[in-house]
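For reference, the structure discussed in these notes is given below.
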Amino acid sequence: MKSPAPSRPQKMALIPACIFLCFAALSVQAEETSVTPQPPDILLGPLFNDVQNAKLFPDQKTFADAVPNSDPLMILADYRMQQNQSGFDLRHFVNVNFTLPKEGEKYVPPEGQSLREHIDGLWPVLTRSTENTEKWDSLLPLPKPYVVPGGRFREVYYWDSYFTMLGLAESGHWDKVADMVANFAHEIDTYGHIPNGNRSYYLSRSQPPFFALMVELLAQHEGDAALKQYLPQMQKEYAYWMDGVENLQAGQQEKRVVKLQDGTLLNRYWDDRDTPRPESWVEDIATAKSNPNRPATEIYRDLRSAAASGWDFSSRWMDNPQQLNTLRTTSIVPVDLNSLMFKMEKILSRASKAAGDNAMANQYETLANARQKGIEKYLWNDQQGWYADYDLKSHKVRNQLTAAALFPLYVNAAAKDRASKMATATKTHLLQPGGLNTTSVKSGQQWDAPNGWAPLQWVATEGLQNYGQKEVAMDISWHFLTNVQHTYDREKKLVEKYDVSTTGTGGGGGEYPLQDGFGWTNGVTLKMLDLICPKEQPCDNVPATRPLSESTTQPLKQKEAEPTP
């Protein structure tokens with residue numbers, strides 16, 4: 001039976017189909033030319049499960065990062081022989097057969113450092129090099145040095161790195177920016193995508209796609225040469241995110257791609273595996289067991305996909321904000337992801353033009369225009385007056401306001417009148433004395449109230465400024481910087497997240513204790529310091545009073561967190 005003629009939107013989506021077909025081969029080629037390292041839960045099978053379930057270590061990531069001292073198959077064979085013998089000591093067996101990750105030395109900054117001096121001094125402390133790794137190490141080698149976030153995070157993370165790189169550039173470390181771009185390009189060439197982090201157990205997923213923005217950042221220093229140099233890797237990453245689109249029918253989803261009923265193409269977060277995460281093994285098993293009405297594999301996939309989003313975890317993905325087992329990440333089309341995909345398409349167009357391929361540049365521009373229309377049609381809640389995620393189950397835009405709603409402004413994909421409404425919604429519902437709330441829901445999860453995260457502060461600040469909403473943008477920067485400074489004055493460190501209901505308090509919630517370091521906070525703090533202080537009078541600490549050159553506002557009273565989305 002002949003299919004009905006496609007509607008006009010479907011035709012628009014099909015115009016650049018050759019791009020998807022051509023680049024689908026690129027990601028396949030990358031995967032076929034290298035042997036993908038196996039994660040520790042596969043390498044060690046029942047031994048890995050038993051060690052994690054025995055809770056030998058306070059942090060499940062410890063054993064996931066442990067390095068086998070010999071062939072894992074031999075270790076597993078020895079374990080099977082010994083495990084039922086009387087007096088068998090699992091902890092002793094692990095200590096004999098594995099090299100556990102070393103605790104990093106606690107960094108003690110010199111006395112009397114300003115905030116800027118402290119951050120500048122941290123860059124070498126947070127720099128790692130893994131050109132060579134042990135044969136069975138879960139750590140993936142990278143050709144150049146890189147900057148890690150800090151704390152328990154001993155490896156490089158994808159989306160964290162962009163905000164870290166903003167700070168490196170602000171400090172004049174363009175060599176480190178170039179090294180990190182080269183490392184991510186290496187991962188794309190080796191694995192077909194940029195994994196969540198450079199660990200074997202992160203290979204089944206990616207994270208918010210900032211690589212094109214990293215290349216664009218490098219181009220500020222190196223010019224169009226950077227765009228031309230990394231165009232092939234940007235194309236491969238785009239192919240990874242759009243993998244399977246050529247076979248999709250209207251109303252279907254495949255991996256990271258969603259095709260809506262009118263042919264609009266959007267993206268979602270996805271993990272290729274549906275098992276517990278090795279770095280959070282026991283926690284994931286407990287979450288799955290707590291909801292016997294859902295298949296465990298479905299819950300595992302949604303947990304992993306939430307990790308791919310960077311927002312692990314948040315009421316944003318959950319039907320019941322108080323029950324993690326109700327999350328359904330894969331049935332939600334995220335507004336921030338699709339904003340980043342729009343930006344990727346725009347940068348690919350620019351890079352193609354720089355490389356002299358105007359035809360390809362036009363095709364990417366067509367894709368970006370189609371996606372922008374999709375964002376405006378499906379990811380805007382007209383009743384509420386803000387951008388939000390789209391629900392594939394209810395076939396409606398969701399009602400919850402989150403800090404992700406500022407991403408269309410950040411990438412210049414928003415309509416001007418909607419940007420004005422976003423400024424009002426942000427100031428009314430998300431802005432707090434210590435910065436921008438992630439959501440207005442208190443769930444106990446770390447990507448919810450009262451936590452504020454540096455990358456979201458910067459996205460909001462830049463996004464609002466893009467549309468002339470400077471007052472709210474400066475409010476966010478000033479409030480967050482005050483929070484960072486107060487915490488630094490008391491504890492002499494920058495942390496992963498902050499409690500924005502007040503100032504001077506690190507954030508809480510989630511699966512692990514608060515981490516210090518901290519890469520993306522360092523980067524955003526430097527950018528904001530240079531934003532709020534006049535160029536003729538740069539500041540090394542946050543001023544005691546708000547600079548007169550910027551608009552001043554009354555201090556915000558703390559808003560009560562809402563119990564439900």
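Note that Cβ sites are derived from N, Cα and C of the backbone, with glycine treated the same way.
Keep in mind it's a predicted model, so treat the numbers as computed, not measured.
Feature annotations, courtesy of Swiss-Prot:
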- 1-30: signal peptide (SIGNAL)
- Arg152, Trp159, Asp160, Asn196, Arg205, Ser206, Gln207, Arg277, Pro278, Glu279, Gly310, Glu511: substrate binding site (BINDING)
- Asp312: active site, proton donor/acceptor (ACT_SITE)
- Glu496: active site, proton donor/acceptor (ACT_SITE)
- 539-565: region 'Disordered' (REGION)
When DSSP is mapped onto helix/strand/coil, what comes out for Pro278 (substrate binding site)?
helix
Which of Pro278, Gly310, all binding-site residues, has a Cβ with the fewest other Cβ atoms inside 10 Å:
Gly310
Rounded to the nearest Å, what's the C-alpha distance separating Arg152 (substrate binding site) and Glu496 (active site, proton donor/acceptor)? Just drop the number here, would you?
11
Neighbourhood of Gln207 (substrate binding site), C-beta criterion under 8 angstroms, separation at least six:
Tyr157, Tyr158, Trp159, Ile194, Asn196, Ala308, Ser309, Gly310
Give me the Cα-Cα distance between Glu496 (active site, proton donor/acceptor) and Asp160 (substrate binding site), rounded to a whole Å.
10
Coarse DSSP state, helix versus strand versus coil, of Arg205 (substrate binding site):
coil
Far apart in sequence but close in space: which same-chain residues, 6 or more away, have a Cβ under 8 Å from Asp160 (substrate binding site)?
Pro149, Phe153, Pro455, Gly519, Trp520
Taking the binding-site residues one at a time (Arg152, Arg205), which has its Cβ surrounded by the most other Cβ atoms within 10 Å?
Arg205
Rounded Cα separation (Å) that holds between Asp312 (active site, proton donor/acceptor) and Arg205 (substrate binding site):
13
Could you tell me which of these active-site residues, Asp312, Glu496, has the fewest other Cβ atoms within 10 Å of its Cβ?
Asp312
